[in-house]
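Trainee: Below are the features listed in TrEMBL for this protein:
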- 6-23: transmembrane segment (TRANSMEM)
- 35-54: transmembrane segment (TRANSMEM)
- 82-104: transmembrane segment (TRANSMEM)
- 111-128: transmembrane segment (TRANSMEM)
- 159-179: transmembrane segment (TRANSMEM)
- 191-215: transmembrane segment (TRANSMEM)
- 280-298: transmembrane segment (TRANSMEM)
- 304-323: transmembrane segment (TRANSMEM)
- 330-348: transmembrane segment (TRANSMEM)
Amino acid sequence: MPFIIFYIFISILLLLFQLVKQNTNIKNKNYLNSLFFYFISFLIVFLTCTRYKTGTDWEGYQNYFYNNDYSWEYLWSSFNEIIFNFGLPVEYIFVLTALLSLFLKLKTISILSKKSVFVIILCIPFIINKDFGTIRQGLAISICFYSSLYILDKKPIFFTILVLIAAQFHFSSLIFLFAYPLYNINLSKKFSFILILLCIVIGYSGLVIISINYITNILSSDSRIGYKLVKYLSYDDEYSSIYSNSILDPAAIKKIVSVLIFFYLTGYKKLLSLSKDYKLLFNLFIFGTCLFFIFNDIPQLRRLNGYFDLFQICLFVSLLSLIKDKANQLILISYLWLSSFINLYGYINSYPEYLDHYNSLLEFLF
């Protein structure tokens, strides 16, 4: 409930901010936008960094820290070991990880989007998911998200170094290496649509599971890749067992609706001709959507889509400046906010024992 209240509160603030901005004669509106962006960012950082025993990740990372079993990715293990050897409590892990992860997200959003305030508000459910849940992957996603700026600057070495650093926090981030060559591909509307349909067919056909089972039979289960694949195939939870290989999966329905809305509301060629940023956002949105459907029946691998979710949000918000029709603008804004709210509500309801309350580190200290 506190996260729902926080999200609604921030949304109301944004609405009031827009009303004030439109109905007053303020000369420096860019300054006002920046000020509001920093204010919202501060609230999110404060909420994330001062949590205590709140979130799906707390117990697992706490046990990992105090058991001295530093067997995960090198940089994450080293980070835990250094904090532990300095005699500091596990809370430092959560605070420092959140600070770095959020800084990279917010910095990149401020560069990629002209409507950064709306983007960051839509990103709140994603932040609750990753920075209150899988914080290792959340940090890796933030590093990859930031590395995309070097794609735009055409600096492949810096891009590659950052992705490899991200992989030392979460191995799955290596999938983001595809982002650089993807940027140079000109995807047509028709080809993108056919590609997504093909991925949907492949994902629901079970071919991916058959292929992975074949690979695991070849590889030794003692190997890192073999062990990971076996673990991914055996993973199950209440959500995946209900919607496994089902077209009624709410997440899959939202993805399909997002694709349809994007192609319906925008002049596709006009969008890509305006800025190289839009081409990057669009290509990574399509690639992330394809990953989502290909690994539809494997929840752990479907999480790879998380590396591209932030680009989808930035892309859809960028459409607002292109759409002149007020009705279509309202449709898009309503869809984005409602979809974001449903994501947050669904995630909290999936783990009420971890997220239906909020304990502050300040309460613990004082």
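Note that Cβ sites are derived from N, Cα and C of the backbone, with glycine treated the same way.
TrEMBL annotations: computationally assigned, not manually curated.
How buried are the listed features, and what sits near them?
Mentor: Sequence-distant neighbours of the transmembrane segment (111-128) (same chain, 6+ residues past either end, Cβ-Cβ under 8 Å): 3, 6-7, 10-11, 14, 17, 33, 36-37, 40-41, 44, 48, 102, 105, 138, 148-149, 277, 281, 306, 309-310, 313-314, 317-318, 320-321, 336-337, 340-341, 343-344, 347-348, 355.
Counting residues 6+ beyond its ends, the transmembrane segment (159-179) has Cβ neighbours under 8 Å at 73-76, 136-137, 139-141, 143-144, 146-148, 150-151, 228, 284, 287, 291, 303-304, 307 in the same chain.
Beyond its flanks by at least six residues, the transmembrane segment (280-298) meets 112, 148, 151-152, 175, 178-179, 182-183, 185, 187, 192, 195-196, 199-200, 202-204, 206, 208-209, 212, 232-233, 235, 244-245, 249, 251-252, 255, 258-259, 262, 271-272, 304-305, 307-309, 311-312, 314-315, 318 of its own chain at Cβ-Cβ distances under 8 Å.
Below 8 angstroms of C-beta separation, residues 105, 108-109, 112-115, 118-119, 122-123, 126, 130, 137, 140-141, 144-145, 148, 172-173, 175-176, 258, 262, 265-267, 270-271, 274, 277-278, 280-282, 284-285, 287-289, 291-292, 295, 329, 332-333, 336 of the same chain, each at least six residues beyond the ends of the transmembrane segment (304-323), sit close to that stretch.
Within its own chain, the transmembrane segment (330-348) has Cβ neighbours under 8 Å at 3-4, 7, 11, 121-122, 124-126, 128-129, 250, 254, 257-258, 261, 265, 313, 316-317, 319-320, 323, 355-356, counting only residues six or more beyond its boundaries.
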